[in-house]
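Now, the feature entries from TrEMBL:
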BINDING   R82, E125, Y138, Q206, C207, W208, P209, F210, P211, H212, S213, A255  substrate binding site
BINDING   C112, C115, C130, C133  Zn(2+) binding site
BINDING   A172, E192, E233  divalent metal cation 1 binding site
BINDING   E188, E192, E233  divalent metal cation 3 binding site
BINDING   E188  divalent metal cation 2 binding site
DOMAIN    139-262  domain 'Nudix hydrolase'
MOTIF     173-194  motif 'Nudix box'
Amino acid sequence: MTSRWTTAVLDTEQPGGWAVARSPEGFLFDDNGALFPREWLKRQDLSILAEHGIGHLDGEPVYLLELRSCAEVPGCNWKGLRAFMLEGDHTLYKVLGYAAQIGTWAREHRFCGNCGQAMTQVPRERAMYCQPCDMRSYPRISPSMIVLVTRGDEVLLARSPRFVTGVYSTLAGFAEPGESAEDCLIREVREEVRIEVKNIQYLGSQCWPFPHSMMLGFHAEYAGGEIICQEDEIEDAQWFNVYELPPLPASRSIARYLIDVYVARRLGHAEPVLPG
Ligand SMILES: NC(=O)C1=CN([C@@H]2O[C@H](COP(=O)(O)OP(=O)(O)OC[C@H]3O[C@@H](n4cnc5c(N)ncnc54)[C@H](O)[C@@H]3O)[C@@H](O)[C@H]2O)C=CC1
Ligand SMILES: [Mg+2]
Ligand SMILES: [Zn+2]
(Lines of atoms letter the chains of each structure in order from A and count residues from 1; the text may use other names and numbers.)
(Lines give C-alpha, C1' and ligand atoms only; values in the text may rest on other atoms or scores of the structure.)
(Ligands and ions follow the chains in the order given, each with its own letter.)
Protein backbone atom coordinates (compact mmCIF):
# COMPACT_ATOMS: atom_id res chain seq x y z
CA MET A 1 0.00 0.00 0.00
CA THR A 2 1.46 3.39 -0.89
CA SER A 3 1.12 5.96 1.81
CA ARG A 4 -0.76 9.14 0.90
CA TRP A 5 1.40 11.18 3.28
CA THR A 6 5.18 11.09 3.52
CA THR A 7 7.34 13.51 5.47
CA ALA A 8 10.21 15.39 3.82
CA VAL A 9 12.34 18.50 4.31
CA LEU A 10 11.33 20.86 1.49
CA ASP A 11 12.98 24.04 0.26
CA THR A 12 10.79 26.99 1.32
CA GLU A 13 12.23 29.08 -1.55
CA GLN A 14 10.27 26.95 -4.04
CA PRO A 15 6.80 28.32 -4.86
CA GLY A 16 3.50 26.44 -4.93
CA GLY A 17 2.05 23.51 -3.05
CA TRP A 18 -0.34 23.30 -0.11
CA ALA A 19 0.08 24.96 3.27
CA VAL A 20 -1.39 24.60 6.73
CA ALA A 21 -1.36 27.50 9.19
CA ARG A 22 -0.90 26.96 12.91
CA SER A 23 -1.37 29.51 15.65
CA PRO A 24 -1.68 29.15 19.43
CA GLU A 25 -5.42 28.60 18.71
CA GLY A 26 -4.76 25.54 16.54
CA PHE A 27 -4.98 25.04 12.79
CA LEU A 28 -6.83 27.22 10.30
CA PHE A 29 -9.66 25.45 8.46
CA ASP A 30 -12.62 26.17 6.21
CA ASP A 31 -15.28 24.01 4.53
CA ASN A 32 -12.59 22.32 2.40
CA GLY A 33 -10.43 21.33 5.36
CA ALA A 34 -7.12 22.59 6.73
CA LEU A 35 -4.98 22.55 3.55
CA PHE A 36 -4.90 25.80 1.58
CA PRO A 37 -3.15 26.78 -1.65
CA ARG A 38 0.13 28.05 -0.23
CA GLU A 39 0.48 31.19 -2.34
CA TRP A 40 -3.07 32.24 -1.44
CA LEU A 41 -2.47 31.61 2.26
CA LYS A 42 0.72 33.67 2.26
CA ARG A 43 -1.18 36.64 0.81
CA GLN A 44 -3.47 36.69 3.87
CA ASP A 45 -2.72 38.99 6.76
CA LEU A 46 -0.81 36.47 8.88
CA SER A 47 2.01 37.08 11.32
CA ILE A 48 4.37 34.31 10.18
CA LEU A 49 7.04 33.25 12.65
CA ALA A 50 8.56 30.51 10.47
CA GLU A 51 7.83 28.43 7.42
CA HIS A 52 8.70 24.74 7.14
CA GLY A 53 8.42 22.37 4.19
CA ILE A 54 7.05 19.25 5.89
CA GLY A 55 6.24 16.58 3.29
CA HIS A 56 4.13 15.35 0.39
CA LEU A 57 0.43 14.59 0.36
CA ASP A 58 -0.63 12.58 -2.69
CA GLY A 59 2.62 13.77 -4.32
CA GLU A 60 1.97 17.50 -3.66
CA PRO A 61 4.36 19.47 -1.43
CA VAL A 62 2.96 20.60 1.92
CA TYR A 63 4.27 23.51 4.01
CA LEU A 64 3.58 24.74 7.52
CA LEU A 65 3.15 28.41 8.31
CA GLU A 66 3.85 28.74 12.01
CA LEU A 67 2.18 31.95 13.23
CA ARG A 68 2.96 34.22 16.15
CA SER A 69 -0.71 34.74 16.87
CA CYS A 70 -4.11 33.79 15.60
CA ALA A 71 -5.51 35.97 12.77
CA GLU A 72 -8.90 36.65 11.15
CA VAL A 73 -9.12 34.98 7.74
CA PRO A 74 -12.49 35.44 5.97
CA GLY A 75 -14.54 32.22 5.89
CA CYS A 76 -12.07 30.40 8.13
CA ASN A 77 -11.80 29.32 11.75
CA TRP A 78 -9.23 27.82 14.13
CA LYS A 79 -9.38 24.38 15.68
CA GLY A 80 -7.06 22.38 17.97
CA LEU A 81 -5.28 19.18 16.93
CA ARG A 82 -7.33 17.03 19.31
CA ALA A 83 -10.53 17.99 17.49
CA PHE A 84 -8.96 16.95 14.18
CA MET A 85 -8.00 13.63 15.74
CA LEU A 86 -11.53 13.01 16.97
CA GLU A 87 -13.46 14.21 13.91
CA GLY A 88 -11.28 14.56 10.86
CA ASP A 89 -9.94 12.07 8.37
CA HIS A 90 -6.94 10.09 9.51
CA THR A 91 -4.50 11.25 6.83
CA LEU A 92 -5.23 14.91 7.56
CA TYR A 93 -4.68 14.22 11.27
CA LYS A 94 -1.29 12.65 10.44
CA VAL A 95 -0.29 15.73 8.43
CA LEU A 96 -1.40 18.11 11.18
CA GLY A 97 0.11 16.00 13.96
CA TYR A 98 3.47 16.13 12.22
CA ALA A 99 3.11 19.84 11.47
CA ALA A 100 2.31 20.51 15.14
CA GLN A 101 5.42 18.68 16.33
CA ILE A 102 7.71 20.44 13.85
CA GLY A 103 6.13 23.82 14.60
CA THR A 104 6.43 23.39 18.37
CA TRP A 105 9.99 22.14 18.23
CA ALA A 106 11.24 24.87 15.86
CA ARG A 107 9.44 27.55 17.91
CA GLU A 108 11.09 26.29 21.10
CA HIS A 109 14.54 26.05 19.50
CA ARG A 110 14.89 29.53 18.02
CA PHE A 111 17.68 30.18 20.49
CA CYS A 112 20.57 27.97 21.48
CA GLY A 113 20.15 26.33 24.89
CA ASN A 114 23.92 26.44 25.34
CA CYS A 115 24.87 30.04 24.46
CA GLY A 116 21.56 31.82 23.89
CA GLN A 117 22.31 32.95 20.32
CA ALA A 118 19.70 32.76 17.56
CA MET A 119 19.65 29.41 15.75
CA THR A 120 18.99 28.88 12.05
CA GLN A 121 17.13 26.15 10.15
CA VAL A 122 19.56 23.73 8.51
CA PRO A 123 18.78 23.38 4.80
CA ARG A 124 17.71 19.88 3.72
CA GLU A 125 17.75 18.60 7.28
CA ARG A 126 15.20 18.77 10.10
CA ALA A 127 17.51 20.53 12.51
CA MET A 128 18.20 23.94 14.05
CA TYR A 129 21.82 25.04 14.12
CA CYS A 130 23.92 27.25 16.40
CA GLN A 131 27.05 28.36 14.61
CA PRO A 132 29.15 29.55 17.60
CA CYS A 133 28.55 26.20 19.36
CA ASP A 134 28.51 24.13 16.15
CA MET A 135 25.49 22.41 17.69
CA ARG A 136 22.41 20.93 16.07
CA SER A 137 19.06 20.40 17.75
CA TYR A 138 16.67 17.82 16.37
CA PRO A 139 12.94 17.40 16.99
CA ARG A 140 12.29 16.05 20.45
CA ILE A 141 10.39 12.81 20.92
CA SER A 142 9.44 11.65 24.42
CA PRO A 143 9.07 7.89 24.85
CA SER A 144 6.11 7.02 27.06
CA MET A 145 4.99 3.60 28.22
CA ILE A 146 1.34 2.72 28.22
CA VAL A 147 0.10 -0.51 29.75
CA LEU A 148 -3.04 -2.50 30.26
CA VAL A 149 -2.65 -4.52 33.47
CA THR A 150 -4.77 -7.66 33.31
CA ARG A 151 -5.99 -10.32 35.79
CA GLY A 152 -7.98 -12.99 33.96
CA ASP A 153 -11.30 -11.47 32.96
CA GLU A 154 -10.41 -8.21 34.70
CA VAL A 155 -8.44 -5.18 33.53
CA LEU A 156 -7.04 -2.35 35.61
CA LEU A 157 -8.22 1.06 34.41
CA ALA A 158 -7.70 4.43 36.02
CA ARG A 159 -8.88 8.01 35.86
CA SER A 160 -6.74 11.10 35.82
CA PRO A 161 -8.44 14.28 37.06
CA ARG A 162 -7.75 15.65 33.52
CA PHE A 163 -9.97 13.03 31.80
CA VAL A 164 -13.46 13.61 30.45
CA THR A 165 -16.00 12.76 33.19
CA GLY A 166 -16.55 9.00 33.58
CA VAL A 167 -13.75 7.87 31.26
CA TYR A 168 -11.23 5.29 32.50
CA SER A 169 -8.02 4.42 30.68
CA THR A 170 -4.79 2.43 30.83
CA LEU A 171 -1.81 3.62 32.87
CA ALA A 172 0.89 5.66 31.14
CA GLY A 173 4.02 7.56 31.93
CA PHE A 174 7.19 9.07 30.49
CA ALA A 175 10.50 7.21 30.46
CA GLU A 176 13.17 8.73 32.64
CA PRO A 177 16.89 8.78 31.87
CA GLY A 178 18.54 5.49 32.79
CA GLU A 179 15.43 3.36 32.33
CA SER A 180 14.56 0.60 29.91
CA ALA A 181 10.98 0.49 28.61
CA GLU A 182 10.26 -2.34 31.07
CA ASP A 183 11.83 -0.48 34.02
CA CYS A 184 9.66 2.52 33.23
CA LEU A 185 6.49 0.46 32.94
CA ILE A 186 7.10 -1.31 36.26
CA ARG A 187 7.89 2.01 38.00
CA GLU A 188 4.87 3.82 36.56
CA VAL A 189 2.44 1.05 37.58
CA ARG A 190 4.00 0.96 41.05
CA GLU A 191 3.86 4.75 41.45
CA GLU A 192 0.36 5.23 40.12
CA VAL A 193 -1.51 2.26 41.68
CA ARG A 194 1.08 0.35 43.86
CA ILE A 195 0.57 -2.83 41.84
CA GLU A 196 3.31 -5.28 40.78
CA VAL A 197 3.26 -6.79 37.27
CA LYS A 198 4.81 -9.73 35.38
CA ASN A 199 4.86 -11.17 31.84
CA ILE A 200 5.23 -7.81 30.11
CA GLN A 201 4.28 -8.10 26.44
CA TYR A 202 4.89 -5.41 23.81
CA LEU A 203 1.99 -4.84 21.40
CA GLY A 204 2.87 -1.82 19.31
CA SER A 205 3.56 1.89 19.24
CA GLN A 206 1.87 5.11 18.23
CA CYS A 207 2.96 8.68 17.67
CA TRP A 208 1.08 10.92 20.11
CA PRO A 209 1.72 14.54 19.09
CA PHE A 210 0.43 16.12 22.36
CA PRO A 211 3.03 17.55 22.26
CA HIS A 212 5.70 14.98 21.33
CA SER A 213 5.17 11.55 22.86
CA MET A 214 5.92 8.22 21.30
CA MET A 215 3.64 5.74 22.99
CA LEU A 216 4.98 2.19 23.46
CA GLY A 217 2.04 -0.07 24.26
CA PHE A 218 2.10 -3.18 26.47
CA HIS A 219 -0.01 -5.76 28.22
CA ALA A 220 1.20 -6.93 31.64
CA GLU A 221 -0.25 -9.43 34.08
CA TYR A 222 -1.05 -8.65 37.67
CA ALA A 223 1.55 -10.09 40.05
CA GLY A 224 0.55 -8.66 43.44
CA GLY A 225 -0.54 -5.75 45.60
CA GLU A 226 -3.71 -3.82 46.36
CA ILE A 227 -4.69 -0.70 44.42
CA ILE A 228 -3.58 2.49 46.15
CA CYS A 229 -3.98 5.53 43.92
CA GLN A 230 -1.17 8.06 43.60
CA GLU A 231 -2.28 11.38 45.03
CA ASP A 232 -2.98 14.14 42.44
CA GLU A 233 -2.19 11.94 39.39
CA ILE A 234 -4.83 9.20 39.77
CA GLU A 235 -8.33 10.10 40.86
CA ASP A 236 -9.62 6.52 40.85
CA ALA A 237 -8.46 3.08 39.67
CA GLN A 238 -10.45 -0.14 39.59
CA TRP A 239 -10.51 -3.68 38.25
CA PHE A 240 -13.18 -3.84 35.58
CA ASN A 241 -14.62 -7.04 34.16
CA VAL A 242 -14.27 -7.22 30.36
CA TYR A 243 -18.07 -7.67 30.19
CA GLU A 244 -18.72 -4.46 32.18
CA LEU A 245 -16.34 -1.75 31.02
CA PRO A 246 -16.72 1.95 31.83
CA PRO A 247 -16.60 4.70 29.14
CA LEU A 248 -13.25 4.26 27.36
CA PRO A 249 -10.79 6.58 25.58
CA ALA A 250 -11.11 7.68 21.93
CA SER A 251 -11.06 4.85 19.41
CA ARG A 252 -7.91 6.11 17.67
CA SER A 253 -5.78 6.04 20.80
CA ILE A 254 -3.38 3.24 21.60
CA ALA A 255 -4.97 3.14 25.07
CA ARG A 256 -8.22 2.04 23.45
CA TYR A 257 -6.40 -0.41 21.20
CA LEU A 258 -4.73 -2.13 24.17
CA ILE A 259 -8.12 -2.56 25.85
CA ASP A 260 -9.90 -3.66 22.66
CA VAL A 261 -7.24 -6.27 21.85
CA TYR A 262 -7.48 -7.81 25.31
CA VAL A 263 -11.27 -7.85 25.29
CA ALA A 264 -11.28 -9.38 21.79
CA ARG A 265 -8.90 -12.13 22.96
CA ARG A 266 -10.98 -12.95 26.05
CA LEU A 267 -14.20 -12.99 24.07
CA GLY A 268 -12.76 -14.79 21.04
CA HIS A 269 -13.55 -11.91 18.69
CA ALA A 270 -11.46 -10.63 15.78
CA GLU A 271 -8.62 -8.38 16.94
CA PRO A 272 -8.64 -4.67 16.05
CA VAL A 273 -5.86 -2.97 14.09
CA LEU A 274 -3.74 -0.27 15.73
CA PRO A 275 -4.33 3.11 14.05
CA GLY A 276 -1.00 4.49 12.78
N1 LIG B 1 -2.32 7.75 23.09
C2 LIG B 1 -2.88 7.32 24.21
O3 LIG B 1 -3.71 6.44 24.18
C4 LIG B 1 -2.48 7.92 25.53
C5 LIG B 1 -1.44 8.81 25.60
N6 LIG B 1 -1.02 9.28 26.82
C7 LIG B 1 0.12 10.19 26.82
O8 LIG B 1 1.19 9.57 27.50
C9 LIG B 1 2.05 10.54 28.02
C10 LIG B 1 2.40 10.20 29.43
O11 LIG B 1 1.25 10.11 30.24
P12 LIG B 1 1.11 10.77 31.69
O13 LIG B 1 0.33 9.83 32.53
O14 LIG B 1 0.61 12.17 31.55
O15 LIG B 1 2.65 10.84 32.19
P16 LIG B 1 3.27 10.65 33.66
O17 LIG B 1 2.56 9.60 34.40
O18 LIG B 1 4.74 10.49 33.44
O19 LIG B 1 2.97 12.00 34.42
C20 LIG B 1 3.01 13.28 33.85
C21 LIG B 1 4.10 14.06 34.52
O22 LIG B 1 5.34 13.74 33.91
C23 LIG B 1 6.17 14.89 33.83
N24 LIG B 1 6.48 15.12 32.40
C25 LIG B 1 5.82 15.87 31.51
N26 LIG B 1 6.41 15.82 30.29
C27 LIG B 1 7.47 14.99 30.44
C28 LIG B 1 8.46 14.52 29.54
N29 LIG B 1 8.48 14.88 28.25
N30 LIG B 1 9.38 13.66 30.02
C31 LIG B 1 9.36 13.27 31.30
N32 LIG B 1 8.45 13.70 32.20
C33 LIG B 1 7.52 14.53 31.77
C34 LIG B 1 5.40 16.02 34.44
O35 LIG B 1 5.79 16.12 35.78
C36 LIG B 1 3.96 15.56 34.33
O37 LIG B 1 3.14 16.10 35.33
C38 LIG B 1 1.33 11.89 27.84
O39 LIG B 1 1.86 12.52 26.71
C40 LIG B 1 -0.09 11.47 27.58
O41 LIG B 1 -0.77 12.41 26.76
C42 LIG B 1 -1.61 8.91 27.98
C43 LIG B 1 -2.67 8.05 27.96
C44 LIG B 1 -3.22 7.54 26.73
MG1 LIG C 1 0.70 8.72 34.18
ZN1 LIG D 1 25.08 28.15 20.96
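Using N, Cα and C of the backbone, Cβ positions are placed for all residues, glycine too.
Bear in mind that TrEMBL entries carry predicted annotations, made automatically and left uncurated.
Here the features listed in TrEMBL are painted onto the structure.
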| residue | record | contacts (Cβ under 8 Å, 6+ apart) |
| --- | --- | --- |
| R82 | substrate binding site | F210 |
| C112 | Zn(2+) binding site | A118, M119, C130, P132, C133, M135, S137 |
| C115 | Zn(2+) binding site | C130, P132, C133 |
| Y138 | substrate binding site | R126, A127 |
| A172 | divalent metal cation 1 binding site | S144, M145, I146, V147, E188, M215, A255 |
| E192 | divalent metal cation 1 binding site | A158, L171, G173, C229, Q230, E233, I234, A237 |
| C207 | substrate binding site | G97, S213, M214, M215, G276 |
| P209 | substrate binding site | L81, G97, Y98, A100, Q101 |
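Each residue in the motif 'Nudix box' (173-194) gets a DSSP state, and the totals come to 13 helix, 2 strand, 7 coil.
In the three-state DSSP scheme, C130 (Zn(2+) binding site) is classed as strand. Ligand 1 lies within reach of S213 from the binding-site residues Y138, C207, P209, S213, judged by a C-beta closer than 6 angstroms to any of its atoms. Taken residue by residue with DSSP, R82 (substrate binding site) is part of a helix. Of the chain residues outside the divalent metal cation 1 site list A172, E192, E233, A158, S160, L171, G173, E188, E191, V193, Q230, I234 have their Cβ within 8 Å of the site's Cβ mean position.
Ligand 2 lies under 6 Å from the Cβ of A172, out of the binding-site residues R82, C112, C130, A172, C207.
In this structure, the binding-site residues that sit close to ligand 3, with a C-beta under 6 angstroms from any of its atoms, are C112, C133, chosen from C112, C133, Y138. Other than the site residues E188, E192, E233, same-chain residues with C-beta atoms no more than 8 angstroms from the centre of those residues' C-beta atoms, the divalent metal cation 3 site, are A158, L171, A172, G173, V189, E191, V193, Q230, I234. Excluding C112, C115, C130, C133, which define the Zn(2+) site, the same chain contributes G113, N114, G116, Q117, M119, Q131, P132, M135 within 8 Å (Cβ to the Cβ centroid), listed in sequence order.
If you average pLDDT over the domain 'Nudix hydrolase' (139-262) in this model, you get 97.
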